[in-house]
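Asker: Annotations for this protein, taken from TrEMBL, read as follows:
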| type | residues | note |
| --- | --- | --- |
| REGION | 1-20 | region 'Disordered' |
| TRANSMEM | 28-51 | transmembrane segment |
| TRANSMEM | 94-113 | transmembrane segment |
| TRANSMEM | 120-140 | transmembrane segment |
| TRANSMEM | 170-190 | transmembrane segment |
| TRANSMEM | 197-216 | transmembrane segment |
| TRANSMEM | 248-271 | transmembrane segment |
| TRANSMEM | 283-302 | transmembrane segment |
| TRANSMEM | 314-333 | transmembrane segment |
| TRANSMEM | 345-364 | transmembrane segment |
| TRANSMEM | 384-408 | transmembrane segment |
| TRANSMEM | 415-434 | transmembrane segment |
Amino acid sequence: MVSSSEAIRERGRRKGGGGNGSEGMRKLLLGLGFLVQGFRCFPWMAVNFFLKDGLKVDPSTLQILQCSANLPMVAKPFYGILSDSFYIFGQHRVPYIAFGAFLQAVSWIAIFLSPSNISFFTITLYLLLGNLGASVVEVANDAMVAELGKPPSSSSKNSPHSSSGQLQSFVWIAASVGGVLGNLAGGIAIDRFSPQVMFLMFGILLSIQFLVTIFIHESSLDLPKSPSDRGIKKQLSELIVALRKPEIYYSIIWFAASYAMIPALTGTMFYYQTEHLGIESSVLGISKVFGQAAMLLWGIIYNKNLKSMSPRKLISAIQATMAVFMFSDVLFVKGVYRMFGIPDSLYVVLFSGLAEVLYFFKILPFNVLMAQLCPPGCEGSVMAFLMSALAMAVIISGYLGVVLSSFVQVTGNDFSGLGHALLIQAVCTLLPIYCSSSLPDGVKAKTKPKQG
């Protein structure tokens, strides 16, 4: 017997025919979702200045907050299992996107309505609530991308394997555009508006996303058909089976470790650039815009030229490039570039922004690889587990950065040990390359056996 939710989806599939209508609705929903996701840098730029100038926190406290606010991201597998297992009004992706957008809007508007002397504990709670909503949205969006981004089952001309990865590239570009706009607007707005006003602006944008989402029914998206009677126990069992596949769990372990073992120094570098060098917020905004523009260009280049390249070689090359940029930061802090007449502000714009986003370049080819490896029916759970592992790795990386800064005795007023910290960071970045054999070279499209 066909369930009512399956019937609704089947009617929607026949109605839309899987043609341009459903593709347009997918791009509207996913494009808006990833655009807003990329635009999150806009309020977070305001958070950094609000904590530094308003609450007078030190670099380590700022970085601890940045890392701790990501704790809701660690529970992504739970959200993925929920969205895979439970349908809401016959839908199992769109309602979770709407709910997540609603939670984010509430959190940022609540910070706007709070007094200027809001306590550190209170703002931390609001940021945790906002990231909870963001993580729910990301899980649902990533699951849809994984469902729609699988390689074709045959190598026929009607379903070329070259189409695999196009949706991942599209959403990557959407997130990059959001990042460009968010950083550009943030760099301008931080000098003209209070951080609270910027929080309100982002809350309004999230409210718009919520309103758009609730008027989109999942049947218009023509998603791949999957059973709707999955319970949490069954879904968890399928997730465990998927994670037992060596090509999946070895890849996830390597990917997470490649982030976790690098001590992040984002909070320290933010204070170094703004307090020690006196770099203006507008310059930081332009730097981040340059970085996001590089991410946008990376998405285009990957989609056109690099999809057929071995994921192992591509990701390893990105890892090595990250280390090169970190060694470059050592020279920057030591004043080497200044000796050659390169202003600090120019280096920050051209290199710091790019070095910051290089950290995330390998996510795109790895997501494409994981979407191909994902077993049907538990895309949300597996991709959520991957993002959870990444979130935990980033948190560990941030805490290690605090420990490293303390070890080399870097403070808000003394940056004499920053060069040594950056050198250690660069060496740690090179280490995962020696274990990159854990990554598969790719997944080939399956071909149907020839009939005798």
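Glycine residues also receive a Cβ, built from the backbone N, Cα and C atoms like all the rest.
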Asker: Pairs of Cβ atoms less than 8 Å apart decide it: which stretch in 28-51, 283-302, 415-434 has the most with the transmembrane segment (314-333)?
Answerer: 415-434
Asker: Count, for each of 94-113, 170-190, 248-271, the Cβ pairs lying under 8 Å from the transmembrane segment (283-302), and report the range with the highest count.
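Answerer: Counting Cβ pairs under 8 Å, the winner is 170-190.
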Asker: Look over the recorded stretches 94-113, 170-190, 345-364 and say which has the most C-beta pairs under 8 A to the transmembrane segment (197-216).
Answerer: 94-113
Asker: When you scan the chain for residues with a C-beta under 8 Å from the transmembrane segment (248-271), skipping those not six or more beyond its ends, what do you find?
Answerer: 48, 52, 59-60, 62-63, 66-67, 242, 319, 329, 352, 356, 359, 362, 366, 369-370, 373, 382, 385-386, 389-390, 392-394, 396-398, 400-405, 410, 412, 415, 418, 421-422, 424-425, 428-429, 431-432, 435-436, 438-440
Asker: List, by number or range, the same-chain residues at least 6 past the transmembrane segment (28-51) whose CB is under 8 A from its CB atoms?
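Answerer: Distant contacts of the transmembrane segment (28-51): 57, 61-62, 65, 94, 97, 101, 108, 120, 123, 127, 134, 137-138, 141, 144-145, 167, 170-172, 174-183, 185-187, 189-190, 195, 198-199, 201-202, 205-206, 209, 212-213, 216, 221, 270, 281, 284-285, 288, 292.
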Asker: State the residues, same chain only, that lie 6 or more residues beyond the ends of the transmembrane segment (120-140) and have a CB under 8 A from a CB inside it; answer 'none' if no residue qualifies.
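Answerer: Same-chain residues near the transmembrane segment (120-140) but 6 or more away: 33, 37, 40, 47, 51, 55, 57, 61, 65, 68-73, 75-76, 79-80, 83, 93-94, 96-97, 99-108, 110-111, 114, 380, 383-384, 387, 391.
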Asker: Can you name the far-off residues of the same chain, 6+ from the ends of the transmembrane segment (345-364), with a Cβ under 8 Å from a Cβ of it?
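Answerer: For the transmembrane segment (345-364), the far contacts come to 168-169, 172, 255, 258-259, 266, 269, 273, 277, 279-280, 283-284, 286-292, 294-295, 298-299, 302, 314-315, 318-319, 321-322, 325-326, 328-329, 332, 337, 390.
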